[in-house]
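Asks: Supplied in structure tokens, the structure appears directly below.
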Amino acid sequence: MAIGIIPAEAAFDGFKNDVTVIIACALIVSAAFARSGVIELAMRRVMPLLKTERSQVPVLTGAVTLLSMATKNVGALAIMMPVALQVARQTKSSPARLLMPMAFGAMAGGMVTLVGTAPNIIVAEVRQSIVGEPFAMFDYAPVGLALTLIALAFLAFGYRLLPRDRQGATSLSAALAANAYATEVRAPEGWAPGSMTVSALGALGDGEVKIMALIRSGKRRLNPRGNVVVKAGDALLIEGEQQALEGFVSRAQMNLIRDDRPVPMATASEEIAIVEAVIGRNSPLQGQSVRSSDLYGQHGINLLGVSRSGFQLTQHLRTAKLAPGDIILLQGAEQALPVALKALDLLPLAERQVQLGSVRRRFMPAVVLACAMTLVGLGLVPVAVAFFGAAVVIVALGGLKMREAYAALDGPLLVLIAALIPVSDAIQSTGGSDLIAGLLRHVFTGLPGIVAITGVMLASMAVTPFLNNAATVLIVAPIGATLAKQLGYNPDPFLMAVAVGAACDFLTPIGHQCNTLVMGPGGYKFSDYPRLGAPLSALVLVTGPSLILLFWPL
């Protein structure tokens with residue numbers, strides 16, 4: 001814009017472009033899908049069967065690949081990573097052998113549908129500007145499915161190229177998650193299961209949640225036997241790590257005892273938050289119980305759980321005595337929590353995702369997503385309208401709070417894409433793409449079309465680690481389409497080559513968010529990525545162009 005290539009009035013056109021809207025809405029829908037707990041429910045029966053890496057890698061990689069076909073691949077990986085880490089912990093497997101294949105599988109699965117990855121959305125927009133019609137929801141499926149199956153077959157055996165001895169970085173969140181929280185849940189009236197034995201309920205905790213007591217009609221039974229039947233209205237005192245408790249509460253369809261009290265809010269738009277805090281030495285809570293301290297009456301907050309070394313909850317949570325050093329989970333309005341923390345001399349811990357008791361609307365996000373994809377697939381509604389509507393419906397029905405929807409948006413990515421869209425348009429309008437394509441035409445003239453397709457795919461693969469896959473497509477796609485026209489070819493296979501190349505960054509941890517996401521938990525070094533990624537990239541380069549030409553002839 002400073003040198004006059006992009007007009008000032010067009011500088012912010014990217015923010016109203018369909019691409020930006022689609023990606024933003026896809027992020028929101030993916031976040032709601034992750035919070036629904038439906039994937040955890042589906043994987044619960046499979047996890048006990050995954051005893052060795054030989055079965056874990058193909059099953060977990062296949063699951064994240066399937067999921068990434070319907071949601072953003074980064075979101076799909078984020079959903080499945082806790083499952084993989086839990087499997088690794090239970091079976092003493094190496095997370096390094098599981099996470100990188102899953103990241104690569106997520107990237108491969110993203111190639112199958114329009115919304116699986118940002119490059120597909122951008123390539124569709126570039127095609128519309130050139131041909132007058134974008135790629136449809138499932139136009140990527142023939143090539144994407146074939147390449148995905150090839151990738152899965154390779155990863156099922158290729159994971160052995162990865163080292164076993166990598167140790168994942170222990171973050172503050174992971175360290176805190178090791179704390180066992182004690183909390184109280186109740187089977188509500190009209191409880192869906194009707195009744196269950198203690199042993200059946202314990203199985204829902206995957207061996208990581210301990211049922212310490214059952215309370216019925218004011219009578220307490222410590223360490224109830226497995227054949228004791230739990231009925232609607234019964235309260236359970238349970239203990240486990242935060243993530244395990246979260247899964248148990250969701251699967252058992254129970255309510256946290258303190259979670260059913262409405263939190264007073266200053267405004268209708270104010271959000272409810274959950275924080276972890278440590279009780280200080282001078283806190284008025286020390287020696288007090290929840291009932292005697294009247295947290296709800298005095299401060300409008302609920303106590304959801306208590307964590308203390310050696311502590312066992314054998315009475316109602318509201319009667320448990322608190323002590324300095326206890327880590328407690330508090331729920332309250334966003335404006336009320338800071339005031340309460342200060343008044344009670346509580347030290348808030350580093351912010352992390354605490355979802356205990358907040359898994360909501362299990363099947364609703366999946367149904368809304370399926371409806372949106374069906375409407376787009378049938379050509380009844382434009383992609384931007386369908387996914388914007390899906391995001392609005394999910395938030396309106398309570399599948400995601402407004403604050404969580406905002407948090408799901410990847411601000412840097414959206415700003416980058418919106419800023420580069422005018423640049424991409426300028427490359428075409430100023431003749432930049434014609435100039436670069438003209439230089440490349442001299443290289444590929446007289447050679448088979450498949451060579452040009454391979455060259456474009458290779459260029460897209462090579463640029464992605466240094467730019468970002470979305471930025472790569474915005475720059476390379478117009479050049480690839482112009483090159484196709486100058487060579488007298490159909491631009492569609494060239495655009496497909498750009499999309500595949502940008503989606504397959506298997507060589508570095510920085511080119512794609514999926515690779516970055518697993519680097520810390522997997523304990524990977526930069527040099528570990530080419531171990532598995534180089535042969536997979538070569539496989540895509542060898543098979544990809546032929547598959548593209550099979551379904552998208554020149």
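Every residue, even glycine, has its Cβ placed from backbone N, Cα and C.
TrEMBL feature annotations, pasted as is:
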type: DOMAIN; residues: 169-254; note: domain 'RCK C-terminal'
type: DOMAIN; residues: 260-346; note: domain 'RCK C-terminal'
type: TRANSMEM; residues: 21-43; note: transmembrane segment
type: TRANSMEM; residues: 63-87; note: transmembrane segment
type: TRANSMEM; residues: 99-123; note: transmembrane segment
type: TRANSMEM; residues: 143-162; note: transmembrane segment
type: TRANSMEM; residues: 366-399; note: transmembrane segment
type: TRANSMEM; residues: 405-427; note: transmembrane segment
type: TRANSMEM; residues: 439-460; note: transmembrane segment
type: TRANSMEM; residues: 466-484; note: transmembrane segment
type: TRANSMEM; residues: 532-552; note: transmembrane segment
Asks: At a threshold of under 8 Å on Cβ distances, which of 63-87, 466-484, 532-552 pairs most often with the transmembrane segment (143-162)?
Replies: 532-552
Asks: According to DSSP, how is the domain 'RCK C-terminal' (169-254) divided among helix, strand and coil residues?
Replies: 23 helix, 32 strand, 31 coil
Asks: Taking the domain 'RCK C-terminal' (169-254) alone, what is its mean pLDDT?
Replies: 76
